[in-house]
């Protein structure tokens, strides 16, 4: 298991236990984190599970693949630390990960 | 543009896998269907969201992609000659004596005795950027599609996005617009490379202005846009004048006009019974992801089951005097005739 903290736009924090191997989006949906819509169910096809990866987690979470980068074009207020949470797999290394949820997913 | 209403037994709203399989089940009980879908092709979410992603829980198909599933269903329902109306959204539903009149946004009128709503997550609609006050500009100076190119003549047009819609409309509107600016968050595009090359040619010639950035604010009065604030990748902001804006950020699913058809709804889903999958209104059924009932699972296979049971009741409405005998496609010569295999 790995702990992941989601910070809502309002500043409210939710720390959840995620299973290794699942995606950060799945952990969010299982724990009903507000602001992660995940409309397409994890197919990297909707950009509604957009998060901002907080430091020092940008390096261990890696950079988006071209498909994810393309899909980020459909997200709003995209920043350097933007990722689609369905494309981040939970590993032991990510225990303690902190991500911010944007104000709106569209 | 509407002519004589089309007459049919059943109208299916939605050409996703469940809507398609409904054609099959209704066809086996001799009901003729017209299918309406807002997308330009069959398959619904399967072809729009995950055409190349494998699905692993279709019985007897250990793995199948969204597109293959759609293609196989189209092949399976071919004998029943359903008619498809793509790029159309059913907007209105009126009650007739024994049935309904449906009207699409494109003016197609369909009279039918039974309606099957297989609309999945709702109709795919363009995403609205969450910019404060954008609603007030929509239809006046902010548009999500181009109806007539002439509407953009002599305008300072701003297009936002990096996909095919953004690029195609940049190229198509540039000749009529007074000025055309394309804004995208990065200098790479999802769009067809050919369109991207053409766009950059026009930028070189000074015919299109391309800016890197993201729109953060709209400015204007009474729905008439005068300009937008753009945040550049370096974090600085600048003002971009425009009196027409076209944001292209893909599609999302919204329940849409179904919400106004007078059916009971629960959290954007349509409650149905689990014997016939009928809504609060007799002769209107809801199957697949759009319905709700105790224990509902949003699985394609559940939608297939719902389609089969719905068809039995639909038959009863349309042929009240004909008794349906339950038959198997494996052994029934009459079913095999309908399928064109006998």
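Note: Cβ is positioned from N, Cα and C throughout, glycine not excepted.
Unlike curated records, TrEMBL annotations are generated automatically.
Lifted from TrEMBL, the feature list:
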| type | residues | note |
| --- | --- | --- |
| DOMAIN | B:9-294 | domain 'FAD/NAD(P)-binding' |
| BINDING | B:37, B:45, B:50, B:90, B:124, B:289, B:330 | FAD binding site |
Exercise for review: Filter the binding-site residues B:50, B:90, B:124, B:330 down to the ones with a Cβ under 8 Å from chain A's Cβ atoms, keeping sequence order.
Suggested key: B:50
Exercise for review: Would you identify the secondary structure of residue B:124 (FAD binding site) according to DSSP, in three states?
Suggested key: strand
**Study point:** DSSP-derived structure type at residue B:50 (FAD binding site), helix or strand or else coil
**Key:** coil
Practice item. Report the mean pLDDT of the predicted model across the domain 'FAD/NAD(P)-binding' (B:9-294), rounded to a whole number. Key: 95
Review point. If you count the C-beta atoms lying within 10 Å of each candidate's C-beta, which of the binding-site residues B:45, B:330 ends up with the smallest number?
Key: B:330
Practice item. Report the same-chain neighbours of residue B:124 (FAD binding site): residues 6+ apart in sequence with Cβ closer than 8 Å to its Cβ, ordered by sequence. Key: B:38, B:39, B:48, B:251, B:252, B:253
Practice item. Identify which of the binding-site residues B:37, B:289 has its Cβ surrounded by the largest number of other Cβ atoms within 10 Å, counting every protein chain shown. Key: B:37
Study note, to complete from the structure: Listed in sequence order, the residues of the same chain lying six or more positions from residue B:50 (FAD binding site) whose CB sits under 8 Å from its CB are B:65, B:66
**Study point:** Cβ packing number for residue B:90 (FAD binding site), 10 Å threshold
**Key:** 26
**Study point:** Max pairwise CA distance, angstrom, over record-listed FAD binders B:37, B:45, B:50, B:90, B:124, B:289, B:330
**Key:** 38
Exercise for review: Please classify the secondary structure at residue B:37 (FAD binding site) using three-state DSSP.
Suggested key: coil
